[in-house]
Structure formats: structure tokens, C-alpha cells
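K.L.:
Handing you this structure, nothing more for now.
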Amino acid sequence: MPDMKLFAGNATPELAQRIANRLYTSLGDAAVGRFSDGEVSVQINENVRGGDIFIIQSTCAPTNDNLMELVVMVDALRRASAGRITAVIPYFGYARQDRRVRSARVPITAKVVADFLSSVGVDRVLTVDLHAEQIQGFFDVPVDNVFGSPILLEDMLQLNLDNPIVVSPDIGGVVRARAIAKLLNDTDMAIIDKRRPRANVSQVMHIIGDVAGRDCVLVDDMIDTGGTLCKAAEALKERGAKRVFAYATHPIFSGNAANNLRNSVIDEVVVCDTIPLTDEIKALPNVRTLTLSGMLAEAIRRISNEESISAMFEH
């Protein structure tokens, strides 16, 4: 069996080290930096010939820099005769640009990135909670899309929730919320229906379901600026919700996210470590992080040993 080796770019160094620790190994020796003009510089400083290589790199902000690091590392390893290269992308950037809405003149950038990764020699992709699962079909190589929900669910069960109800922040997240509700002792579910009555009128949030006197668990795949999430929490509290917890896999936290969360009525925001948090976000008392290192380490081990990934999520 080929030697398994882990390498990491600069996007998620702490997560990469945690994964390596879980696998009782060390990260491979690679110098990933910049030339004086800002171009990505990569040098692999150990033998990888015939190896089973895993590159751990989220394509989070700065998205283009991290994506280029990943593809240049793949090229360097391919030219060094690596046997198989798996791109471990905990957070897959550009995933929200996955279709042309109403035939608008816009790119399908998720497909562009998929083609880019395939063209440089990626043999397989391992990612977490793709924004749209059909993005797997954009790739010409196998894609394992694993789920953060078991880690989030395990934490939810420790909260001592009082008469809980799972809330989807929009119509598109109903399938995710329903799955969590079923696993959370088959609890009830509510949906927030956001709509604008007419142009230039503020968005109105209609809550489908009874949340009065209950602990609400908002679930989503990602939190970006947090603006919509915070407004959803306000709407739930106005409808009599007792406490509001927000769970998401990917903590993008861009723009005014820190201020939004600091001033929100959300009791706690729980996210995973697919994207590093800024110091400002880390300082917020209502934000907590869970690690996916154990799950990703197990997925990497299974891929390397040609074992089933789906078996990890069978209940």
C-alpha cells in the first residue's frame, strides 16, 4: 500500500495539524509562500514518489490566494510523481455560484473551479457540507461530500434544551433542518419564510411553526455576514422563543459579522473549524467552535485504505 502523506497550505494550518495528530502522523515538508511580486511559491521538500497524498486546504478568504496555493501544490506534487492526490477542501469556496438564475449573464464559477482542480491533476476531492450537493457532478473525479451534522448534533444533545424546535432560516434549508430534527429525538420544525412585499420595502420574516416558550435551534450550512441570521433570531424572540441557538458548519463571518453577532439576541453561535476565525470573532462570548478534525481524519484514513465513506454516516 502506498505511503499516506498529508500536506497543508496556509488556509487552515490549525485544522491540518489537528488532523495529522488524529492520524498519528506529521504534516509533510512543503514550503508554501510568495515570491516578491505576490505569486504563489511552492517547493516540496521530501520524496512523494508513488505516495497517497492528501492536501488540506480550504478555499476561504482570501479565496483566490488559497485556491491558487492548492492548485500549485497539486501541480508540484504531480510533477514529483505522487501516486494519488486527494484535495481535502473543508470549505469549498465559490460554491454559491452554482447556477445561472433566470438565465442571467453570469458564470457558473463552481464548475470553473471544479474544472481547474481536475485539470491540474487532482484524483479525488474530500469536502464538507457543499452549499449545493449537485456540485459534486461538476467534477470529473470522485467527490466525497461529508457532513458536519453528526458533530453539531452531538453538541446539541449536551445543551439540555427545553422543549426544542429546529428552525430552518429559509425554504432552501428545509431538508437540512428536517434531518437534524429527526435525529434530535424527532423534534418539531419551524421555517422562516423571508419575502419582500414589494420593491423598496423592508424584508418581512414569516415564521411557519409555533416557537413560543421553546428553545430554538437555527441550522444552516454557513454563516456569512450574519445579518439575516440575527434578524431571524429577533423574529423568533418576538414570537416568544425562550432561547435561540445557531449552528452552522462554515464560519465565513465576512463584512460586519462581528458587530452583527455582538449586538444580536442569539444566545450562542456554534460553528466548525473549516475556516479560521479572526481574533475579533474569537473574542465574542457567544461564539463557540467545534472541530471536525476527527471526522476528517477518519475519512482520510478510509479513503487511503479503500474503505467506505458513507458507512461513517449510517445510523
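Cβ from N, Cα, C; glycine included.
Annotations for this protein, taken from Swiss-Prot, read as follows:
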- Lys194: active site (ACT_SITE)
- Asp37, Gly38, Glu39, Arg96, Gln97: ATP binding site (BINDING)
- His131: Mg(2+) 1 binding site (BINDING)
- Asp170: Mg(2+) 2 binding site (BINDING)
- Arg196, Asp220, Asp224, Thr225, Gly226, Gly227, Thr228: D-ribose 5-phosphate binding site (BINDING)
K.L.:
Quick one: of the recorded positions Lys194, Asp224, Thr225, Gly226, Thr228, which has its CA closest to the CA of Gln97 (ATP binding site)?
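P.N.:
Answer for the nearest of the recorded positions: Asp224.
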K.L.:
Counting other CB atoms within 10 A of each CB, which of the binding-site residues Gly38, Gly226, Gly227 comes out lowest?
P.N.:
Gly38
K.L.:
How many Å separate the two farthest-apart Cα atoms among the ATP-binding residues Asp37, Gly38, Glu39, Arg96, Gln97?
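P.N.:
Between the most distant Cα atoms of the ATP site, 30 Å.
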K.L.:
By CA distance, which of the binding-site residues (Asp224, Thr225, Thr228) lies nearest to the residue listed as 'active site'?
P.N.:
Thr228
K.L.:
Under a three-state reading of DSSP, tell me whether Gly227 (D-ribose 5-phosphate binding site) is helix, strand or coil.
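P.N.:
The residue in question, Gly227 (D-ribose 5-phosphate binding site), is helix (DSSP, three-state).
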K.L.:
Can you tell me the CA-to-CA distance separating Gly226 (D-ribose 5-phosphate binding site) and Asp37 (ATP binding site), as a whole number of Å?
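P.N.:
Here the two Cα atoms lie 35 Å apart.
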K.L.:
Looking only at Asp37, Asp220, Asp224, which of these binding-site residues has the biggest number of Cβ atoms within 10 Å around its Cβ?
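P.N.:
By the 10 Å Cβ neighbour count, Asp220 comes out on top.
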K.L.:
What's the CA to CA span in angstrom from Thr225 (D-ribose 5-phosphate binding site) over to Glu39 (ATP binding site)?
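P.N.:
That comes out at 29 Å between the alpha carbons.
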K.L.:
What does DSSP assign Arg96 (ATP binding site), in three states?
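P.N.:
Once the DSSP labels are grouped into three classes, Arg96 (ATP binding site) ends up as coil.
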K.L.:
Here the binding-site residues are Glu39, Asp170; which one has the lowest number of other Cβ atoms no more than 10 Å from its Cβ?
P.N.:
Glu39
K.L.:
Using all protein chains shown, find which of the recorded positions Arg96, His131, Lys194 scores highest when you count other CB atoms within 10 A of its CB.
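P.N.:
Its Cβ has the most other Cβ atoms within 10 Å: His131.
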K.L.:
Give me the count of other Cβ atoms within 10 A of the Cβ belonging to Thr228 (D-ribose 5-phosphate binding site).
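P.N.:
A 10 Å sphere around the Cβ of Thr228 (D-ribose 5-phosphate binding site) contains 18 other Cβ atoms.
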K.L.:
Considering Cα atoms only, can you say which of Asp37, Glu39, Arg96, Asp170 is the nearest neighbour of Asp224 (D-ribose 5-phosphate binding site) among these binding-site residues?
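P.N.:
Smallest Cα separation from Asp224 (D-ribose 5-phosphate binding site) among Asp37, Glu39, Arg96, Asp170: Arg96.
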K.L.:
Work out how many Å separate Glu39 (ATP binding site) and Asp170 (Mg(2+) 2 binding site) at their Cα atoms, rounded off.
P.N.:
40
